[in-house]
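Visitor: The structure is given below, and queries will be raised subsequently.
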Amino acid sequence: WNKEKDVVFLVDGSDGTRNGFPAMRDFVQRVVGKLNVGGDKDRVSVVQYGRDQEVHFYLNTYTTKEDILGTVRSLRHRGGRPLNTGAALQYVRDNVFTASSGSRSQEGVPQMLILLSGGRSSDNVDIPASALKESGVLIFGIGTRNSSREVQRIATDPSFSQSVSEFTDLPSIQDNVNIFSVLFLKLLVDQSIARKDVVFLLDGSDGTRNGFPAMRDFVQRVVEKLTVEENRDRVSVVQYSREPEAHFYLNTYTTKEDVVDTVRGLRHKGGRPLNTGAALQYVRDNVFIASSGSRRLEGVPQILILLNGGRSFDNVDTPASALKELGVLVFGIGTRSSDSRELQKISYDPSYALSVSEFTDLPNVQQQLLSAMSTVIVQVTTMTPTVIPTILVESQAPRRDVVFLLDGSDGTRSGFPAMRDFVQRVVETLGVDENKDRVAVVQYSRDPAAQFYLNTYTTKGEILNTVRGLRHKGGRPLNTGAALQYVRDNVFTASSGSRRFEGVPQLLILLSGGRSFDNVDTPASALKELGVLIFGIGTRSSDSKELQRISHDPSYALSVSDFTDLPNIQQQLLSSVEAVVIDVTPESTTDLGMFDHDTSRKDVVFLVDGSDGTRNGFPAMRDFVQRVVGKLNVGGDKDRVSVVQYGRDQEVHFYLNTYTTKEDILGTVRSLRHRGGRPLNTGAALQYVRDNVFTASSGSRSQEGVPQMLILLSGGRSSDNVDIPASALKESGVLIFGIGTRNSSREVQRIATDPSFSQSVSEFTDLPSIQEQFFSSLITVQVEATPITPTVIGKNGLFLLDGSDGTRNGFPAMRDFVQRVVEKLTVEENRDRVSVVQYSRESEAHFYLNTYTTKEDVVDTVRGLRHKGGRPLNTGAALQYVRDNVFIASSGSRRLEGVPQILILLNGGRSFDNVDTPASALKELGVLVFGIGTRSSDSRELQKISYDPSYALSVSEFTDLPNSQAPRRDVVFLLDGSDGTRSGFPAMRDFVQRVVETLSVDENKDRVAVVQYSRDPAAQFYLNTYTTKGEILNTVRGLRHKGGRPLNTGAALQYVRDNVFTASSGSRRFEGVPQLLILLSGGRSFDNVDTPASALKELGVLIFGIGTRSSDSKELQRISHDPSYALSVSDFTDLPNIQQQLLSSVEAVVIDVTPESTTDLVDHDTSRRDVVFLVDGSDGTRNGFPAMRDFVQRVVGKLNVGGDKDRVSVVQYGRDQEVHFYLNTYTTKEDILGTVRSLRHRGGRPLNTGAALQYVRDNVFTASSGSRSQEGVPQMLILLSGGRSSDNVDIPASALKESGVLIFGIGTRNSSREVQRIATDPSFSQSVSEFTDLPSIQEQFFSSLITVQVEATPITPTVIVDQSIARKDVVFLLDGSDGTRNGFPAMRDFVQRVVEKLTVEENRDRVSVVQYSREPEAHFYLNTYTTKEDVVDTVRGLRHKGGRPLNTGAALQYVRDNVFIASSGSRRLEGVPQILILLNGGRSFDNVDTPASALKELGVLVFGIGTRSSDSRELQKISYDPSYALSVSEFTDLPNVQQQLLSAMSTVIVQVTTMTPTVIPTILGKKNMSQAPRRDVVFLLDGSDGTRSGFPAMRDFVQRVVETLGVDENKDRVAVVQYSRDPAAQFYLNTYTTKGEILNTVRGLRHKGGRPLNTGAALQYVRDNVFTASSGSRRFEGVPQLLILLSGGRSFDNVDTPASALKELGVLIFGIGTRSSDSKELQRISHDPSYALSVSDFTDLPNIQQQLLSSVEAVVIDVTPESTTDLGMCHHFDHDTSRKDVVFLVDGSDGTRNGFPAMRDFVQRVVGKLNVGGDKDRVSVVQYGRDQEVHFYLNTYTTKEDILGTVRSLRHRGGRPLNTGAALQYVRDNVYTASSGSRSQEGVPQMLILLSGGRSSDNVDIPASALKESGVLIFGIGTRNSSREVQRIATDPSFSQSVSEFTDLPSIQEQFFSSLITVQVEATPITPTVIGKNGCVI
């Protein structure tokens, strides 16, 4: 052991080693006894561990053996559990084997760890053990029988570990301590013997043929000097040209003779080009590795000697960096043909790059190389052993800025003197001086205070004096985060003396004695980003983890038990500080090494305050600008200047590229005039120069690294925010200098880059006095400019051609295609560049981006391309190849300059290797990949590779290629044609012409549309109107100014969105063609622009806004894609000035077009999702089901399942549905996967996907099933469907989408079309030919699932109207296409006749007429005319439009977006019925479904009238209800349907539902209105302690209101509830039937008292217990339900949910409060804020009595429960009891086994009494227990015999538990439906007979209520176990009966049947059905 070593003992002190500890201590002593301890010899540390670790002493604590042995003797066993060996290993790596703790690993001293462990670790040991070994530590381990296996794994080698049965046996292996020395010598070799791994990398390309013999000789001579042996030096030789080849590896030869022999025989390789980058990568990946003989991980120096004779063809930066990261010492030797810069970059250090003129001169550098190699010092860093040469420079004395941050809180009072002493001692060691070390001290507790700054003192004496006098601050809590932020913002700044920008190391030493009360992470990170090195010192009261997080590195966090122990760590701290060499980078400015910011060039912008406040000072400001410009070196490539004047808004006098001579600039400056105006908006001006002046198009050269400077002269405080735009400028790398006056100097200081960059004068007339000072600061400032954003001219285009065997025939066509595309490019060095690569098995570059600079050269080479051939096809490798070798700077790529990188892949087959990773890597690089494939390609793969699926094009053969090329754009001009632009219009027209001139107009290239607008928009022509530039220019020349006002820009934007950027108008948005809108607007919009502008942006439209000084520049910026896309001219005549700027933006635009529907409006934290799988389990998926099950498992595997993370539900369906589990059933991934694994295929048919979608909407995506949709958590449905549905899927799919559910679909070849329709967007659906192919799409599917943006749909408002006067908005939509020419006069007459019947007036009926063919045109809007005469006159004059095709869909969308809106006169939001009458004479050419649904959603009542040429199916779909579609054979027959239409219209009544205002016609028979109005009125009175004094007044008020009512059983009913903490009903609606009884009871009411006030609970109570049939509510009969709440205080609980629940029930709530109430709360509770009334005190109630009564009186509500409306049928159906739909729901659970035969008999006997037949009574039987089984549906049988036969054969199912709730829900959703035979919509009574024999184990109330609300009458029969529950379920308690056992059923049969027959039913149809088939007319 004669060589120095650092030895650390890690000793297990856990509970398990208590007995063995003395023996372990002795062992340590004996081993130490053998060591040669001393400062420069062996060093020792001892660490004891169990649950955590304790360092007894560090490697540098003691320098004598005596001290060490003394401490070891006194060690005490710590105890504790569990045993965390992994954490202990990590701890010693991070805290003991470090330089600051005395480790000399960096000097090459062997590092040894001796581990004594007595048990198995409870944490992971492998990772920390590996980390220690990688750091070069040798681990020896001694274990017991419990731990020996683990210890063997931890040790460097199994032979380095030993085992004893107990630690008390340690002495037995004591003598084996010598084993350690043997092993050590054997394995490590004495470090005095140098060991090196040397690799020679020789350039064998064509260019070194002559020099190769000299290179070979050189290698021999160097090898001769080495000691080649296995354990000494090792050698490898690699030769390379195009690709590298290893002649032998480091472990091939072990003797010098073998190496030299092989070198002598080397042959020159030849070949080109020279790829040095690839060769460097090769040696890194294949030679410097353990398997090739590298001993890097043992700390042996790794040396690479590169002999290179030319410039590399590929990029060398990345692989060279990778070698350096590995710690390889690279020496580069080059000739005069090499690129010396490149060689310096490759070498470990520029000084390691040697040069000879020819390789024959190599002997001259041999000695130089050898001495450099021999002096190599090995430095092992904590991360990886790295070899770092200390080529140290004798620099000036080190300089450091040291800040002490001291905890002065209450908790450190006693320790503060010790902290003060510590600071003094550290300062003593520093070299304090202005130009050496500087010191600052800050003390903090709750808030921080600087005791002195870095520039306060310049001598050590002053600092020590001040430190001695420091007083403890005191205070709490301890806010360390705030203190860190404070030092960042106030101490490490130039103004406080920090020299950070000069590269001086910045050190912060934090002494903290407790845990911080605030967040420390963000401010600590901010300091580290600034380059500050933080040392944290804490005590045992500190949070050590927190300290480690704050510190630069965990090893920089030191700890003492008490601050009095600080001296012990002083040395450790000082050595760390000493050793520190920091590369300090300034905050926001990074040098990418692309530019040498030569200060000879600057871009200088003057921003001059021209507001009213600077009128007097302006001449002085102008002179100042002149004098500064006079000092600049102005010229195209020298300094550039721009001047902007601002006040309220901004005016650019000239841009950076306007003038190139000083004379021109000075001339313009001299003539500047003061603008005036106020207020002063400095913030807007700063933002403006950032977005419009510091841009490439305005002449900024920021991207070339030219410093960007802004000189602000501001004379007053800004009236807007300056901080955000100032920060944005600074982040862009702009240096801001500011000059202010006494009014503005503070603000200007904040705006400037640094306070020292700002100056102040008392008046601007004093400017000359500061001019010299200012100019010198401007000149001397050192700038690090960061490129702002790429603005581009030119493209880098790369063609990647499939040259495999499969494309032999198509290759000539591919070659031609490339030529044709290149022909269109402008190939020049500074414009477009081209490269071509061909690939099959591997790739080959034909030429790079920088090979050719002319189009001729490129085309010539392309013509000569030969097909490569070969297989297999490795597209993945080819993509990787172009990424690594072509899209790099050395190959000519200008990616880093912001030039677009385009890859065009021509591919003819499926790749043999993986394409995902390399394709992603290209996209990350920002490469735009277009994929072009043939029918042999894998289109899915091509879409994955392409930048966006829409960028993947396809041809059937390569010979078809010409179809897919040339850039394409859809450009729409939107021109302001209002009165205000009359004079500027010619200039706008010219501007459009000039822009169009620059486009390449053609159907398959650019398309153009022009829209002009003022009050409303008009399309001059569409994108598909013209296909040639000539036609467009002619039309533009002839444009006439429209005129009109006001200016509605919002409506115009909406118009272009809905009518121009559409496929029918020629937009190619869905093909991925960029959509551009250029808006020229000359004024501020009169309407809202934000929503329509957002809608356009969501569509992916890029908006450029151009305005004048009359425009609102803020508005324009909001409309534009980005503020920088908003351009401004003072007048439209100046448009030519910005033309170029616009064109270059348009040119450069590369748009990622996103499908419209994926926008995030909510912060849907994607960390949480509710995911429902809906899996087709029908007969058709039997074979594919296992694959579907696996797919579900794999997707679930990817989710982050947990209560508040992802939730999952699985539903299987076929004919009906089965929920396997709900979203809230399981909270762990294991449970879900377990259940999924055990899923069984259900089978069954037909497949009802529609019903299943509806089912999951109603039963799974609900709060009770665990859905968190109301918390904004994304709702996702994943549908796996294997066949076409036998029911309708569109309506339920739409309903899910409206609820905000995102639907992803996976279909097979049988179902893919339908699945696409169901999915949220076609791109959300995928297809496999069989479900067994699911794995192939899994990755793609999961990534789309993860990245999807969720858009939440807001609920729309609710409206109430005084319906007493009938009002209607009627729109006629007339088919004016070519096919209706003859019928048009008849259509016109029909419209006239209908209008004649209406009462046209502003406040009665309104009319609009729209005619359409290809596109629609409004003849007049709803608010155009207010008299019948005007309407009829205009209708008479209508002309047939003509045109084709017929686009009914577009027309429906048009009326929705442009006619049924408030600005066009629609009164929809006021609840006025909206009626659309469509007269249509043919089948639509476009899709009508979506727009028709959209109209229905809006509540528009659509009547469709067609002829025999129309598509009757389509008309029914469009109409509000199929029965609203009327038909005539010819339009001349229209009079026949006129009366039918009018009567339907005349009876329309508005029903306000909670979701959206919807108009529903009730075609009522003689509505029995003769009886007096009926109302159910409930008073809810606050009886809490707070209303004691006011209660008598409340009681009187109730009496007076009751006096006004007509109380009677069949008129008004009244109930009173009083509440405080809880509610109590004083009487119900059916308690009293006379006014006298009610008044008596009210008079006697007593105040209840109590608190708190729970209004929410009271509202819930009246909903559940008072507004119910059993309490006398007549809600189901349509009687208005009124609640009058008197509340005198704020509620203690939540009122929103129960109030909403009441409103959903249709209850009208009036709220009356006092000044003690919360008026906002009352308004929320009330039906509408206007229904909330207020008095100062309840004694004032009489004052509002009349107001309340008139509201109650006027209310005419068609109150309907949530989803059910009584629309009645003709004659209000006397629901003829001759027809009934009767469903039996029979309990078949375990509990009814004995009674089942009796139940079966009972069903038979009841059926025997019914009149069964198709149009008479219908019957269904369902049996249930745990789940449900339908024995037959209502439409299964039509004869009594069939039914009785099936009933007789019923078998008892059994099972438990009993889920009656689920069964009730099930029959509601699956049996009472039209598809199952229910005739509820025809008014047939719906009856349910429930036989239940036990209490349900789930909730029955909600589903029972839902059935009742649907109008189902429930009869129940229970036993003694269930009678209570059955009573609750039944429609009314009198509808339920009870038997003690079901065997007693015969006894109640007669009674039951008579109640069934005699009951009077008022059945409510679920959806509106109108104009019965009998055509009854009112």
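Heads up, the Cβ atoms here are built off N, Cα and C, so glycines get one too.
Not measured: the values here are computed from a predicted model.
What TrEMBL shows for this protein is this:
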DOMAIN    6-183  domain 'VWFA'
DOMAIN    197-369  domain 'VWFA'
DOMAIN    401-573  domain 'VWFA'
DOMAIN    603-778  domain 'VWFA'
DOMAIN    796-972  domain 'VWFA'
DOMAIN    970-1142  domain 'VWFA'
DOMAIN    1170-1345  domain 'VWFA'
DOMAIN    1369-1541  domain 'VWFA'
DOMAIN    1576-1748  domain 'VWFA'
DOMAIN    1781-1956  domain 'VWFA'
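For the listed features, I'd like the structural context: burial, neighbours, distances.
Guide: Mean pLDDT, taken over the domain 'VWFA' (603-778), works out to 89 on the 0 to 100 scale.
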Visitor: If you count every Cβ pair below 8 Å, which range out of 603-778, 1170-1345, 1369-1541, 1781-1956 shares the most with the domain 'VWFA' (796-972)?
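Guide: That would be 1170-1345.
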Visitor: May I ask whether the domain 'VWFA' (1170-1345) has at least three C-beta pairs under 8 Å with the domain 'VWFA' (1781-1956), counting pairs 6 or more apart in sequence?
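Guide: Stretch pair touches.
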Visitor: Which listed stretch (6-183, 401-573, 603-778, 1369-1541, 1576-1748) has the most C-beta pairs under 8 A with the domain 'VWFA' (197-369)?
Guide: 6-183
Visitor: When each of 6-183, 401-573, 1170-1345 is checked against the domain 'VWFA' (603-778) for Cβ pairs under 8 Å, which one has the most?
Guide: 401-573
Visitor: Considering only the recorded stretches 6-183, 1170-1345, 1369-1541, 1576-1748, state which has the highest number of Cβ pairs under 8 Å to the domain 'VWFA' (401-573).
Guide: 6-183
Visitor: With CB pairs under 8 Å as the measure, which of the listed stretches 6-183, 1369-1541, 1576-1748 comes out on top against the domain 'VWFA' (1170-1345)?
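Guide: Comparing 6-183, 1369-1541, 1576-1748 against the domain 'VWFA' (1170-1345), the winner is 1369-1541.
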